[in-house]
Amino acid sequence: MLMSSMCNKNMGSIKIVGLMMVLFSLVCSSVVNATVSYDDKAFIINGKRRILISGSIHYPRSTPEMWPDLIQKAKDGGLDVIQTYVFWNVHEPSPGKYDFGGRYDLVKFIKLVQQAGLYVHLRIGPYICAEWNFGGFPVWLKYVPGIELRTDNEPFKVKMQGFVEKIVSMMKSEKLFEPQGGPIIMSQIENEYGPVEWEIGAPGTAYAKWAASMAVGLKTDVPWIMCKQEHPPDQVIDTCNGFYCENFQPKNPSNPKMFTELWTGWFTQFGGPVPRRPAEDIAFSVARFVQNNGSFFNYYMYHGGTNFGRTGSGLFVTTSYDYDAPIDEYGLLNEPKYSHLTNLHKAINLCEPALVSSYPTVTWPGKNQEIHVFRSTSGACAAFLSNFDPQFSTKVFFENMEYDLPPWSISILPDCKKVVYNTATVSTKSSDPKFIPVENGLSWESYIETTPSSSDNDTFTKDGLLDQVSMTMDTSDYLWYMTEINIAPEEGFLKTGQDPLLTVMSAGHALNVFINGKLSGTSYGGLENTKLTFEGKVKLTAGINKISLCSATVGLPNIGTHFEKQSAGVLGPVTLTGLNEGTRDLTKESWGYKVGLKGESMNLGTTAASSSVEWGGGSSLAQKQPFTWYKTNFNAPDGNDPLALDMSSMGKGQIWINGQSIGRHWPGYIAKGNCGECSYAGTYDEKKCLNYCGQPSQTWYHVPRSWLKPSGNLLVVFEEWGGDPSGIKLVRRTV
Ligand SMILES: *[C@@H]1O[C@H](CO)[C@@H](O)[C@H](O)[C@H]1NC(C)=O
Ligand SMILES: *[C@@H]1O[C@H](CO)[C@@H](O)[C@H](O)[C@H]1NC(C)=O
């Protein structure tokens, strides 16, 4: 231990000459500099092969005030490495304008990890997927002339290289790569590109090669990996993502076997149930991977956190990104998962000397039984005894001893004799998460959002229907499409009362239809397909009638080949049937456009602007009105328990606290699915182990403590559907 610590990081910066050099060489044998390399077995850090245990914590999904505690809990949980993506779209919101402050302070986050004595795996991407808005790409990128994303396209490669260079040079100037004395031991370029390459062929292969050599050319002196990359370019390590990865083999047999995303659960979508993954099965997946030569595994996620603001992506991803991770969204321990995995890490650490210095000998003593033994020349021995039967326990004989194995489990014997851990034997009590109301009866005031009309001076007119994002540039979820139709007094429906039928086809994701300023109906897309069709009878009068369609996106897509080409908004056809003439097609009419809500342009979520409009309180409080802003003030509750808002009385919209956006709320979207018994035994299927069927997909919304002042906090809610704010409760999260 002493020797290895003497050969540690700081030495990279020491210029060693002459006698010193000889002296150090003697003490540290062959290792002189801080280095990171690898062989087929494992990563080698400062001359030492390591089994590396890693977990994903994404810095923008929590607050800087939460980071030290999350990192400490990760360390206490036995992690060696924190893995994070780099989120291009928050760092470069407009070309050349950078933001690395607050939740986006990447350098601060990495330095906190370093202070805790852990390493960093930096996944620069810059395509990151991650259920993050637009997969991490800034929306402006899509509008660079001639650009095509994630392929052999010059304008794209220029922008991508620019950002990757920016991040690498930041890391270098802060001395954050391991050979410089920093914590970063590996980086990632691109992300899950294999499936795209498979689909697009030659240009994809050329692009992947370019990406790898561009990255390697930046000379970070730490290895680069590419995950889910079936044809890895030579200079990078191909790695596996999944629920299980024991059968994965790197294409190059001299690369180590790495598991970059071991899914600890799954994300939740509005309209879908909440997935869970049992701790026993995660531990089983880890043990299977390690007993098959695996030497790096990363929990995706270790702390999932929150999609604050409008950062959740367009698969209706919820504001909560809890992911059923070992540390929950609120930073509390998710038990028994956290402790069960912590105990697993202790067992693996005991096995490390044998694991890094030998290959396993595998035997099959009986049906569904498997024994892996690692025996090093220096005498270390570790054994893994497996039972792959999902139903029945079994007895395994190993070196004249008998061992009982529960179904679907692996026992770990760090000395080849004594079982210190079994993946299916959980010794920690489950946590009992609760939300306890601390504030009821908040006193609300309301402001009704005005329906714009195409004659307003802040609208513009175009012929036909246009893609939503090309209009909003994603500065808002909302885009108004407005047109006026003239109804002749001799129209038959005016006399018969048979109202005409309005049909609106939209590429998604949600739609509110206003006729002459009154809400006439609402429609929204489904989980698999975000396209929607609104069909409803509409009340029209003789003369001019205003049709105003408010289309809302719920995040931009983040996945799929050329996901950036998917459209959103009302693209038509839009038709009116039941007129004297039969059907009138409004698709090619002249349409007025207005980006965003009036309340958004006045920044009603912020303290200053909220006093600039007439708010109605008391008897003039809006009652269950659609398209209404609500505000109230509250004091911070005592103590340190994490806080949330129970939004179960509301429909759909957005929430701000003291001007900071908590995210989108949509408790009105009820989870469809089959919830039922969740057994740990048997291959995990994310379509099972579901919770909250028939209930809102997300009821509670995290309010970070650090966003509150002791008193007079401003809470603003924009509500689309006409929910009842008197039901909103501030709650404390406890486990
Ligand atoms: C472990 O790696 C060695 C060397 O590549 C290989 O021969 C062996 O089959 C691997 N064992 C398992 C269980 O994957
Ligand atoms: C637009 O109209 C509003 C009121 O209807 C007015 O206050 C504002 O000054 C006008 N803006 C422009 C640019 O004409």
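Glycine is no exception: its Cβ is also placed from the backbone N, Cα and C atoms.
On a predicted model such as this, the values are computed, not experimentally measured, just so you know.
The following features are taken from TrEMBL:
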- 43-347: domain 'Glycoside hydrolase 35 catalytic' (DOMAIN)
- 371-426: domain 'Beta-galactosidase beta-sandwich' (DOMAIN)
- 478-530: domain 'Beta-galactosidase galactose-binding' (DOMAIN)
- 628-713: domain 'Beta-galactosidase galactose-binding' (DOMAIN)
- 1-34: signal peptide (SIGNAL)
Helix, strand and coil totals (DSSP H, G, I; E, B; other) for the domain 'Beta-galactosidase galactose-binding' (628-713): 3 helix, 31 strand, 52 coil
For the domain 'Beta-galactosidase galactose-binding' (478-530), the number of residues DSSP places in helix, strand and coil: 5 helix, 29 strand, 19 coil
Per-residue pLDDT averaged over the domain 'Beta-galactosidase galactose-binding' (478-530), given as an integer: 95
